[in-house]
Amino acid sequence: MKSVGLVINLKKQNALEVADKIKNWFINREIVVKEYKQNFHHQNNGSALFSYKSFEDVDLILVLGGDGTLLNTARTVAPFQIPLLGINMGYLGFLTEVDLEDLFFSLEKLVSGEYRLEERMMLRCELKREGTVMDEFFALNDIVVAKGPFSRMILFDTYVEDQYIDTFSADGIIVSTPTGSTAYSLSAGGPIVSPEMDLMLITPICPHTLYSRPMVIGSEKSVRIVLKSESAEVMLTVDGQHGYRLVRWDEIIVKKSSLQTKLVRFQNKTFYDILRKKLRESGGNNRL
């Protein structure tokens with residue numbers, strides 16, 4: 001390992017102090033460190049948080065923050081397929097791997113090659129308006145279409161490929177990856193899915209009909225959502241961070257992306273260990 005990147009979320013308490021210790025630790029081992037400091041709170045929509053060009057030649061990126069910081073970084077550097085190691089300074093870390101008490105022990109394992117890379121599926125989303133592609137997005141967790149806080153339920157048609165599924169009246173709908181199954185989809189009643197699986201989840205948000213249930217489909221399929229409501233407050237959100245206002249008859253097409261997120265994982269804990277711990281913790285403070 002010759003060089004690493006370090007993404008620092010300045011909102012997190014003691015982030016700079018911890019980052020300086022990490023930087024010095026690598027420098028003492030003659031490993032180059034490129035760092036990026038960012039107050040994520042002030043970034044518009046949570047999109048492209050730094051120039052990934054400055055990081056494209058590093059061997060690995062350490063992300064100092066919470067799951068939100070890692071999600072932002074993952075979308076930004078996905079074209080370069082750079083592995084990420086999340087260092088948890090947030091509340092619950094489903095994506096981050098290292099807690100602060102294990103930091104330097106984990107870094108020793110990192111430089112000695114005692115880790116594996118876990119590849120996580122990503123989504124590609126197109127927003128079409130009157131037949132024209134308005135924008136394209138990539139997501140690690142989910143693509144969500146949802147009503148605003150003061151609007152009524154929204155109406156939308158849902159298709160898998162060209163096969164009509166149903167017209168939903170609901171607060172919204174979530175299309176998620178297995179990674180995203182422990183995020184918004186879980187709160188909306190969706191299943192927990194092991195992250196190495198290759199599939200997509202479709203989860204209605206507070207549907208008006210009792211028979212509307214989450215669906216699991218193959219990752220080779222595409223999901224198309226057509227907004228039928230005239231409400232002025234309907235948003236498309238990407239990983240809960242990047243937002244785009246929708247209008248009636250907009251089409252949202254979601255497919256599996258050719259890009260992946262590569263996460264550094266150590267052998268001392270499994271997905272189920274993390275899941276059990278995090279869900280128990282969330283029961284105490286109601287934060288996911």
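Keep in mind that glycine also has a Cβ here, set from the backbone N, Cα and C atoms.
Note that TrEMBL annotation is computational and uncurated.
Owing to the predicted nature of the structure, the values given are computational and were not obtained by experimental measurement.
So that you can see what the record holds, here are the features copied from TrEMBL:
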ACT_SITE  Asp67  active site, proton acceptor
BINDING   Asp67, Gly68, Asn141, Asp142, Arg152, Asp171, Thr182, Ala183, Tyr184, Ser185, Leu186, Ser187, Gln241  NAD(+) binding site
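Projection of TrEMBL feature records onto the structure.
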{"residue": "Asp67", "record": "active site, proton acceptor", "Cβ neighbours (10 Å)": "24"}
{"residue": "Asn141", "record": "NAD(+) binding site", "Cβ neighbours (10 Å)": "30"}
{"residue": "Arg152", "record": "NAD(+) binding site", "Cβ neighbours (10 Å)": "12"}
{"residue": "Thr182", "record": "NAD(+) binding site", "Cβ neighbours (10 Å)": "26"}
{"residue": "Tyr184", "record": "NAD(+) binding site", "Cβ neighbours (10 Å)": "22"}
{"residue": "Leu186", "record": "NAD(+) binding site", "Cβ neighbours (10 Å)": "21"}
{"residue": "Gln241", "record": "NAD(+) binding site", "Cβ neighbours (10 Å)": "18"}
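For the recorded site, Asn141 (NAD(+) binding site), the DSSP three-state label reads coil.
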